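Below: the structure, in C-alpha cells.
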C-alpha cells in the first residue's frame, strides 16, 4: 500500500475525538436515547418508526422509494400507519404471535419495509430472503427456521415449495391478482380492510427480532438470531460511523436480504430519525448517480464491487451529474481496494470509509471514522465499547504485525444471540478468554489500525456477498453429469472474487462448453444467480482427504500457482 494516510476531515462530527471516547464510553450511555429507557416498553420497530411519528419528526420524510415504475415518499407518520396495517394483517390472517418466524421473500418495495416493521411490532422474528434465491435455497431456510408465514410476490410464489414445508401455515402475496385460498392470502386486499392502529407487542432485550441466514464453508446455511437489544449498537454506529445528522438524506444500497440492507438500510438510519433512500431494480450508473443528484444524498453506504462498477463506467459518466450533496461515503462487504479510495477522492472529492463487521456481529465493529486519519487498505479501529485483538489459536493476544485470528471480546450489544437450532455451532465461535473468533485473519499495526488478510475458512466473497462453497458444491453434485465438485473463490478485479468450480464427470459424460453452460444454469436455477460458477474446469479427479473431504486449498493452489502446503492428509 503506497498511498499516504488521508487526514481526518474537519467538521462537526458526532464522534469528535476517537481516543477520548474509546477510553470513557459505556453502552449504558446509548440506552438513554431510547423511549424504553423511561417507559420500560421495548420494541425495535417502535423505536425506529413510531417514536419519531409521535414527535416533532412525524411529518418528516422517512422513506424515499424509487424504481422504474414508482417514485414515492412516506413520512414517519405514514410509515407508522402502514406498518401498523401490516402488523394487523399478519395477526388476523396469519395468526402470527410473539416468537413466530415471518419470512419476507420479495424485491425491494415500500411494502417490504412496512411488512418487516409490522412483523417486528407484533413480536415476530423477521427473516429477509434475497429475491434471487431459487426453490432449494428458499426451502432450506424456511425449513430450518420452521417459518409460520412467508410474504412474497406472484413472480416468486412458485419458488416456495409449500407442500414440503409442514410448519408453513400462510403465504401472503403482495401485488398482482393472487387469488386467496386455503393458505394463500392476497396481502393488498387484506391490508385495505385493516386499521392503522396497532397493539404493539412489548419485548424483552433478549427476545429475537431478526433471523439472517449466512453461508459457511461447511454445512448448510446457518440462521443467525439477533435480539432487540441490538438496536443499541445499531443506533450508536449510525451516529458515529454513518455520522447521521437531522437533515441528512441517507442511502444504503444493500438489499435487505443481506444483513447490511436490514441493519444499515432500515434500523440504523431510522433509529436515528434520518431520511432513508431505497432504490429498487437493477444497478446502473445512470440510476445511481441520478438518485444522488435528484434526492441530494448526503451519506452513501455501498460496497467495493459497486464502486468498481462505477469506476468502470468512467469518470466522464460521474461528471454528468451534480454529486456535490455527498458529505460522507462508506463501504462494506469486502476489503476496500486502495485504487477505489484513490478514485473516490478524485471523482467525489471524498474519502471512502471502510467498515468491517459480519452477520454474526449484528453491526459494525471495526471502522474508519470522519474524525480519524485513514490508512488506505486498513479496516480502521474498533468502535468505542468494543475490544478487538489478534489472537493465536489458543486465544493468546499477538503483538503488532503478527497475523492471526481477528477476535472480539464477547458482550457487545448486537452480538448474535444464537445459531438457530444449532447451539453447538454457536459455541464454536468462542475461544478461551471470552473471545469471539471472526474466521478472518488480520494483523494490527503499532497505532492500533487493523489490516484484513483473508478468510481463515473458504467462504467466497463475490460482489460483496458471502457464498458458502459447500452449498454450491452440494447443488453441483445433484447434476446427473457430475461425480464430484470443488469450489473456490478466484480473485477478480471487479467482483473481488468469482466462483470457480472444478468438476469430475461421471462415466459416459464428456467435457464441453455446452455442458459448462448447462451446469451454470443448473446452479443459477437451483440456488441463485450469484452462486453460479463463472468459471468451470473439468478434472479427471479432485484432491481429497482420506475422509473424502475436497481439499479446496489445493484447488486454490492449482489455480493461483501457489505451494499446495502439507499434503499428508490427501488420499493416494
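Even glycines carry a Cβ here, placed using N, Cα and C.
On its own chain, residue 524 (CoA binding site) has 134, 531, 532 as residues at least 6 apart in sequence with a Cβ closer than 8 Å to its own Cβ. What Swiss-Prot lists as CoA binding site is 260, 463, 524.
The DSSP secondary structure for residue 335 (ATP binding site) is coil. Annotated ATP binding site per Swiss-Prot: 333, 334, 335, 354, 355, 356, 357, 358, 359, 440, 455, 466, in sequence order, evidence recorded as similarity to another entry.
Under the DSSP three-state reduction, residue 482 (Mg(2+) binding site) is assigned to strand. If you take the C-beta of residue 482 (Mg(2+) binding site) and look for same-chain residues 6 or more apart in sequence within under 8 angstroms, you find 476, 503, 504, 505, 506, 519. Taken from Swiss-Prot, the feature Mg(2+) binding site applies to 477, 479, 482.
As annotated by Swiss-Prot, N6-acetyllysine applies to 549.
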With the Mg(2+) site defined by 477, 479, 482, which remaining residues of that chain have Cβ atoms positioned within 8 Å of the Cβ centroid? 475, 476, 478, 480, 481, 483, 484, 485, 503, 519
Reduce the DSSP letter at residue 355 (ATP binding site) to three states and note it down. strand
In angstrom units, rounded to an integer, how far apart are the Cα atoms of residue 333 (ATP binding site) and residue 477 (Mg(2+) binding site)? 29
Which residue among the binding-site residues 260, 463 has the fewest other Cβ atoms within 10 Å of its Cβ, if you could check? 463
Identify, among the binding-site residues 355, 359, the residue whose Cβ has the fewest other Cβ atoms within 10 Å in this structure. 359
Tell me the Cα distance separating residue 463 (CoA binding site) from residue 359 (ATP binding site), rounded to the nearest angstrom. 16
What is the separation, in Å, between the Cα atoms of residue 335 (ATP binding site) and residue 479 (Mg(2+) binding site)? 34
How big is the gap, in Å, between the Cα of residue 357 (ATP binding site) and that of residue 477 (Mg(2+) binding site), rounded to a whole number? 32
